[in-house]
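Undergrad: Before I ask anything, let me first share the structure, which is written out below as structure tokens.
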Amino acid sequence: MVFPFSSVFDFAVEMKEEYEIFRKSVRAFAEKEIEPLVKEIERTNTIPPALLKKAAEQGYLGLGIPETYDGQGTDMMYSTLFVEEVSRICPAFTVATLVGVLFTYPVMVYGTEEQKRKYLPPIARGEKFAAHATTEPGAGTDVAGIETTAKRKNGGWEINGRKYFISGADKADYFIVLARTSPPPSRKERHKGLSFFIVERGTPGFRVGEKIEVIGIRGSHPCEVILDNVYVPEENMVGEEGQGFKIAMDTYDHGRIGVAAQAVGVAQACLEKALQYSLQRRVFERPLIYFQAVQFHVSEMLTMLEGARLMLYWATTLANKNRPEAVMAASMAKLYATEVAEKAALKAITVHGGVGVATDGMVERFLRDSQVFKIYEGANDIQKLVILRQMMKTAFGMDVD
Amino acid sequence: MGTYRMMSRTMPDIVVCVKQTVDVYQLKPHPETLAPQLSQAQWKNSDFDLNAVEEAVRIKEKSGGKVVVVSVGPEVKQLLVRECLAMGADEAYILSDPSLAQADGAATAKALAAVIKTASPKWDIILCGEASLDQNAYQTGPRLAEIFNVPHVSYVNKLEVGDRVLKAWRAVEDGVEVVSCSLPAVVTVGLEINTPRLPSLLMIRAAQKKPLKELSLNDVGLTKDDLMPRAETLEVKALKTERRRQVFEGKVEELAEKLAERIIAHMGGRR
Ligand SMILES: Cc1cc2nc3c(=O)[nH]c(=O)nc-3n(C[C@H](O)[C@H](O)[C@H](O)COP(=O)(O)OP(=O)(O)OC[C@H]3O[C@@H](n4cnc5c(N)ncnc54)[C@H](O)[C@@H]3O)c2cc1C
């Protein structure tokens, strides 16, 4: 009946009073502090540093980091609700949170105590920012295809290579960088021999290169990162040598829920905007909402949105419980919610007519945002592979990789 | 002993009365009947009362002491009370009883006073919003002061608490009136007094561990009869405003002047 799950209890969404208080305060923050600046963020493609400072004061940058490292010690639902509510106003603002997790998660799970003590507290307090550098001009989905190398030298490592599409690189102080530390033993084992290193901005030979303009999430633009004979000491390796691929996959499995949350926030914004406009805009002497075709658009948006939201909260609940099915659920939520965001944006544009395609109408931006959601943290077609493989693995212990 | 007395004098215990109302910003009158559609509305803490909580927390941050939140109503929602605790209040007492659905100013004040007497009898200041978001009756504060037989200062937009005294700036018709009175006293505040803070994540989590106690009519020594309203609400309707639909054309600077004149004329010539 519930295949590939084991019982109806696997479908629980678990909520607490404190989540709702938090959600409401984040909404108030987003509407009061971020919304008045959205036009400027879209125009300048940057987030004002003062805004990040305010978010840090509210404790929003320490989500998911334990209290022992100056974080807020909150569970995944907090992060989900934060990203969803802020994305309803400005998804770019949440990219700092998402890439922060792509740094802090591997350090927290695989790092040494020294690494945790050195790097987590300043990030949790919002004093330092972090980035995650895996993708390269020649390898994105195919993580094992990266060409950046790290070679042993003077008791440490010398890293050479070029990273591309690195979010938050312009602001970041700390980077977690994936490099090849030994050649793959065979073609079948390409994913072996990769390792992660922490590289601090300012290390000789390390440089943040060109900005990459992308169509969506304006306010957050990825950059190129260049590593030219960058020397890091042995203690900067995160996890064991050769464990990099596994750490990368675990990190993305964990972070993916964040993209689903961005997508749900955007779909919510599309619904609200479309509904509001259809109540205000009069055509043929009546508000738009009185026309059945418009009603269909709005009800379809609402249905898809709530479906996506339930998947998001469900995946988050499973992740909170550390359940193995959480990986599959997160992929499903990412796949579905990002496609819902795209469809909702298209419908919102349709309902708005000319205003929908006007670049200062503040509606078309959601369609652009949704395209980015569909690509980063694992393109949607890749999510389909993850879903199937995880399902086979959890249900039958079968590896169809 | 002397030190203790001084400390106790400078650290006021503040009670804040917080009403939960429908969120009027989300209220849309029914297009035909104009009756507000309460069933669709969401509940929130009345705005003025949040100013009162904020002011109480600021006093506590400056002078020490304790902030106690009291909320009464037909069905007080714990979640909203927790929001006040997240803003920095220390403990909360709530009284929910269906008979409070029809409560008028007198009944509400009676219920609040009974809770305060039971839960926090040794208070120095009671802070209230000057009115509530939904009914705007301006009654609760003055009535509480009458019940406790203490001074009452209303429409306060700036407040200083000293040694057994307070000094308050009141927004009155033609300016600001500065008054002072001894403690204990009841103070009602308006929206201008401060901007209520957004609770930080840390405060939200801390609020989960703060005491929040539900009391019954019996616990506070009241019966349903005590809360019978003296007046009855027959009907509630929204005002229908007709727009004037006047169009002015010309240069912006001149238009502003013209528009101002028109507004002044409409208000009976008073500037
Ligand atoms: C705005 C933005 C921010 C980013 N931020 C970061 C960052 O901070 N750090 C970082 O490391 N990376 C970052 N990325 C990179 C991102 O993770 C990659 O773009 C993504 O993983 C896809 O890789 P790719 O672009 O190389 O596409 P490719 O891997 O070249 O894929 C191209 C297309 O082929 C499909 N495809 C690939 N392999 C298969 C397959 N096996 N089966 C079926 N279809 C396949 C893909 O679905 C995709 O549609 C960012 C990207 C963007 C757009």
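Numbering starts at 1 and runs along the chain as it is shown here.
Including glycine, each Cβ sits where the backbone N, Cα and C put it.
In TrEMBL, annotation is done automatically, which means it is predicted and not curated.
Dumping what TrEMBL says about this protein:
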DOMAIN    A:17-127  domain 'Acyl-CoA dehydrogenase/oxidase N-terminal'
DOMAIN    A:132-230  domain 'Acyl-CoA oxidase/dehydrogenase middle'
DOMAIN    A:242-391  domain 'Acyl-CoA dehydrogenase/oxidase C-terminal'
Undergrad: On the DSSP side of things, how many residues of the domain 'Acyl-CoA dehydrogenase/oxidase N-terminal' (A:17-127) fall into helix, strand and coil, could you say?
TA: 86 helix, 0 strand, 25 coil
Undergrad: Just to be sure I understand, if DSSP states are collapsed into helix, strand and coil, how many residues of the domain 'Acyl-CoA oxidase/dehydrogenase middle' (A:132-230) fall in each?
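TA: Split into helix, strand and coil, the domain 'Acyl-CoA oxidase/dehydrogenase middle' (A:132-230) gives 6 helix, 48 strand, 45 coil.
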Undergrad: Roughly where does the domain 'Acyl-CoA oxidase/dehydrogenase middle' (A:132-230) sit in mean pLDDT, to the nearest integer?
TA: 96
Undergrad: Just give the helix, strand and coil counts over the domain 'Acyl-CoA dehydrogenase/oxidase C-terminal' (A:242-391), going by DSSP.
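TA: Breakdown, helix to coil: 124 helix, 5 strand, 21 coil.
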